[in-house]
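The block underneath contains the structure these notes are about, expressed in structure tokens.
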Amino acid sequence: MPRMRAPRPAGPRGWSLRRLVRARELVTVALVASAAGGLWLFLEVAEAIRHDEVRSLDRAVLLALRDPADPAEPLGPRWVEEMGRDLTALGGTAVLTLVSIAAALFLWMARRPRSVALLAVAIAGGQALSLVLKHGYARPRPDLVPHGSYVYTASFPSGHSMMSAVVYLTLGALLARVLPRRRMKLLVMACALGATLLTGASRVYLGVHWPTDVIAGWAVGGSWAVACWLAADLLDRRRARGTPPEGSGPGSEEA
């Protein structure tokens, strides 16, 4: 009768692999919870607006950012108002398009065609969702103060806030996957989050959005971005199970 060998204790590599798998699963759960939380926040804000429960809060915040002596003027010196216009451009179509094209070229040169495709889907889907929500809710723009920026669509949710969350957070996640060092990854994600927050805050400062418009835009845009992160993670899992990695095809070698 053959002798049975006792199982060998897991070595350092086995333990590290288990920790990696466990950490990845925890990150996935956290991302799913974040997406669900963002969607819940958006629906709660939308419901509060429908029942007119946030009018006093919206008005108070908007007026707090105005000169008490002249509510037609934003709070602070002229250069602060000009800076607000510069920051709000971060969520404009022109800037987001240029940033997206530059990032897509970088990802393509890094042999990440799937990431480029995911970026395109995220932006196109986010823009379509923004238009549908604006048309569906049709909330009027603030009328308390003069607008500091040209507007031509409905107020809810804030398109600048939503699309800056979609574009910058998705780009941050995709670029972080390419960068080798953890500090660089954290820096990219911090810059993406900062650009998203500053864009939304500038919309309220310029008087073109109610604060709840911006909060809702951040919430739904962040949820959509997280959904794209989860899709990217799914692609990586497929690749780890044997799917050919990006850039490994016969026509992927550099010229």
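Using N, Cα and C of the backbone, Cβ positions are placed for all residues, glycine too.
Annotation source TrEMBL lists transmembrane segment at 21-43, 87-109, 116-138, 158-179, 186-208, 214-232. According to TrEMBL, the feature domain 'Phosphatidic acid phosphatase type 2/haloperoxidase' maps to 116-229.
Taking DSSP states H, G and I as helix and E and B as strand, the domain 'Phosphatidic acid phosphatase type 2/haloperoxidase' (116-229) has 85 helix, 0 strand, 29 coil.
Confidence for the domain 'Phosphatidic acid phosphatase type 2/haloperoxidase' (116-229), expressed as mean pLDDT, is 90.
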